[in-house]
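J.: Got a structure for you, written out below as structure tokens; questions coming shortly.
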Amino acid sequence: MKKNSSNIMALAPNTSNRRETVCIFGTGDFGRALGHKMIQSGYPVVYGSRSTQISNLIPKDAEVLSHAEAAQKAAIIIIAIQRQHYNFLTPLAEVLRGKVLVDISNNLKLNQYPESNAEYLAQLLPGSKVVKAFNTVSAWALQSGTLDASRQVFVCGDDVEAKQMVMNIVRALGLTPLDKGSLLAAQEIENYPLQLFPMWKFPIFLSLGLTAFFFIYCLVLDVIYTYIYEKNNFSFFIAITIPNRVCPVMALILLALVYLPGIFAAIIQLYRGTKYRRFPDWLDKWMLCRKQLGLIALAFASLHVVFTLVTPMRAFVSWRTSKGIISQALNNKTEPLNNTNAWISDSYLALGILGFFLFVLLGITSLPSVSNNVNWREFRFVQSKLGYLALILSTAHTLVYGGKWFLSPSAYKWYLPNIYMLSLVVPCAVLVVKFVLIFPCVDKPLTQIRQGWERNPKHSE
Ligand code: NAP
């Protein structure tokens, strides 16, 4: 009888206000928050607890019974208890036979136990149907109603019907269930809330390391060198001048690093003559964090734009401008407009503006809400073709700006090259190799390899 009603619910979850009773084991933070939300959504809730005394923290309208009594009242039992206490469930095996047990538990560390908590629960109670769900939703989010960030609820389990029943409850609570398959996926689901920006670690550490290196490099050449040899105290360069040198350099290098792994992958595939061999681990990991590298590069480019826009407000800049005007007045001579310089300055600004525009476009298309709305070809066009165009424009922007210094001996303070020269090494290398790769004699075999052709097929008939 109970089974039938749950099936009807599965077909029409929102058509009736009469819902099946749900039992929650544990009157802790999560049990109470979930119970409250369920009562709001029209589910009668009964708690199974070690103490049947009703405290004022328990949601009004909920019953509190012993575990065995509460379990008898519902087909679904949510176990809102830490894994280390699961042993107390073993004596209840008979009462729990055939029931759907929802494991919502999390651990304190990644892969803390050899098996997931849900699999452990299933081993303790083989007669019950265990479903993993709700562990990525916090008690705070349930209570405060700010569920937007955690609207997705990952669900997995071996019993399809049990999983459906849990997914219907998830929907009724206003959340979105995401079926992750069998209970084997539980370990992965339990690890989600414990991960700390997994794809961001390498890009962030790399950016911090490179930023620190370039900052110190500029400090040595622009502040310390000038102080020692020219007796000028330019320590205030630390606030805007140096950051405005480091930011564009970082943006350019990181953008090039987005495309460099693709170049390595192409060279490896050409060398091996097949795409059916795994790339080295470091390359796989690098490929997976290209989006993050690109977004950090965009952040640096945006900072460069802001720093550049405030340049006219700087005291040092107004002093330098007025010094030039006064010296012209004292000499009673107006310097003629240098057409070459005007061209250089306008060209590098135009290249920078166009490069930044494409950079922003790349950033926008990498947002899931946008990338989900374009097809694979459109996504590749923006990320690959327009991405390379952004890299070409940004490299040209730097070349036009810094090019005049590259050949001047005064640019080599302490025999060290200017920071802009350093910033061009990786982007130029990427662009040159990419240029070689698009030659038909290289591009043709590469395309064939990517379509499955092998130079030395192992399984030839
Ligand atoms: P909690 O506030 O410590 O509550 C746990 C409850 O377990 C207690 O209130 C108690 O309920 C019961 N319990 C404690 N010791 C027990 C024992 N020896 N035998 C039987 N029952 C015992 O913890 P919580 O924050 O609600 O978390 C409960 C579970 O939800 C955990 O597995 C946690 O990982 C998971 N979770 C929590 C959150 C969250 O935001 N808090 C989010 C996702 C998942 P009674 O006194 O009623 O027996």
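A Cβ is built for glycine as well, from the same backbone N, Cα and C atoms used for every other residue.
The domain 'Pyrroline-5-carboxylate reductase catalytic N-terminal' annotation in TrEMBL covers 21-107. The transmembrane segment annotation in TrEMBL covers 204-229, 249-271, 292-310, 347-365, 386-407, 419-442. Here TrEMBL flags 249-382 as domain 'Ferric oxidoreductase'.
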J.: Can you tell me how the residues of the domain 'Pyrroline-5-carboxylate reductase catalytic N-terminal' (21-107) break down into helix, strand and coil by DSSP?
T.: 32 helix, 19 strand, 36 coil
J.: With an 8 Å cut-off on Cβ pairs and a sequence gap of 6 or more, do the transmembrane segment (386-407) and the transmembrane segment (204-229) reach 3 or more such pairs?
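T.: Not in contact, no.
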J.: Of the residues in the domain 'Ferric oxidoreductase' (249-382), how many are helix, strand and coil by DSSP?
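T.: Each residue of the domain 'Ferric oxidoreductase' (249-382) counted once, the result is 109 helix, 0 strand, 25 coil.
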